[in-house]
């Protein structure tokens, strides 16, 4: 139905090229004051040494995770590794007990390389997401949860208009501008024909498109998706990931928790693998798909034996598993 | 039909309901009597060239029926708004002040002061009871699971707290009520606006005007809760602050209303549902329209309560339960079919 491979990495490349060529962008400017986040260059996410505990139990233990600007990054790992938790921490829904989460206007340094200031190589502009006012954060990052549902008789258009919340006064209603943005978001998500339907009557794939449209109505620079293909049939999974790729190609950085490793291998530019541990989820590997989705990484994490095949037409990795 | 049209219709229906309800009763009165009495008491009778009313119809309109009808309208409007807010914040379409133990808590407070003979403290006691019950319900619901308030847990917690408060109320009555206190407490428990005076209008109406209006303005905030706490937070809404502020507002308003009417059930539950079917789930329309609909509904429920078995009167809570319980059952049935 759709080829997920073309245009991969181009957006990320383009972004990094722009940054390195533009002298005005070098130097560590404060994004809050210069408001450079409003320009069109994609923004990345850089989470460092993030810790999160619940009732004294570590859920995330010093997790480093990055989402390069304009790329699709997959957050992988078995159940309980803390994928959803990490997304909620990046979205600012919960505050980590330690570590920091930055929005990065340029190439994201790999973990261990530091954020620039330690190295004296200030090529990236960053802004602390944890210190940002929540409404401003909601204008930069949108989160699509897993299985977000409502019992209310809400139309699709009204659901998408909720995405305008951070852009207007706390008590204000929909403006014409809000309606225009919502209509454009529905169009972008391929859900324009659903506008008048009730959310409760949609199929899984349709509902996912609507949630993506709601997130797009926030006009975010970063899209955080929690298992966007969960409970979808194969066609809807492919359609969803193809939509996600086209959004990334338009400059929206995507960080998606994913369960299906082959789907991640097809759709992601960059992957981060989390493993659950007795004292919290840790990152075991991060980087390009080809380097990370290999038996040496996956076998211990999932407790299986992995075989990596090549897709005959796209050349992308296809993963199969046997019991260890 | 758009929201302003519905609002205009709702307002017209409410005014007509109030006027008609005042004319209905054992003594025949006409809309003209209501008009003469109201304009005269408001001091504009001469200005409008209205002949002053006769003493008897005037006393019936101004002293007996109008305060009662207006109290019913205020209580209905306030309970409907409380219902919408509670349903939104707990993401539970079945939430209402009655179901989440607020009314039972208020009743316990009221029963205590009635038994002690400290009737002046009744509004305060009802309010304290409502707040305590709400806090207990939400604390129980939040403690019994993680990740915000799950709908089913909240209802079960409300049920537990409500039952406990009801048992405590029964104990208070059983242990210490004597003579007339029984009837007084019972009528209070079943909900009634029979004894309403202009003071009741001032308390219930004032609470609705101040707290109800404030709550009715929070539509956009409540909308953000449509897909849950996490979604609201990701939309930039300070979830905990909003939730607790609004819930305290609901507890204050419920306490004020229940202190005047006793615990009237189902208004906050079924009216918002009916209005949602007409105007959809967005709260900016839902809140004010539910208030108007709730006001008209309780005016007519109270009119039924005092006329169906004339000359005997029913507590209005029995009428709202008789209408509300089947509707509630139908909602459950519908929910089952969808799930």
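Heads up, the Cβ atoms here are built off N, Cα and C, so glycines get one too.
What TrEMBL says about this one:
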TRANSMEM  B:66-86  transmembrane segment
TRANSMEM  B:98-118  transmembrane segment
TRANSMEM  B:124-143  transmembrane segment
TRANSMEM  B:155-177  transmembrane segment
TRANSMEM  B:197-222  transmembrane segment
TRANSMEM  B:242-258  transmembrane segment
TRANSMEM  B:286-308  transmembrane segment
TRANSMEM  B:314-333  transmembrane segment
Top partner of the transmembrane segment (B:66-86) among B:98-118, B:155-177, B:197-222, B:314-333 - counted as Cβ pairs under 8 Å: B:197-222
Distant-in-sequence neighbours of the transmembrane segment (B:155-177), which means Cβ under 8 A and at least six residues beyond its ends: 92, 94-95, 99-101, 103-105, 107-108, 111-112, 114-115, 129, 133, 136-138, 140-141, 144, 185, 189
Other parts of the chain folded back onto the transmembrane segment (B:242-258), taken as Cβ under 8 Å at six or more residues beyond its ends: 74-75, 78-79, 81-82, 85-86, 89, 97, 102-103, 106-107, 110, 123, 126-131, 134, 138, 203-204, 206-208, 211-212, 214-215, 218, 221-222, 232, 264
Feature contact check the transmembrane segment (B:197-222) with the transmembrane segment (B:124-143), CB under 8 Å, 3 or more pairs: no
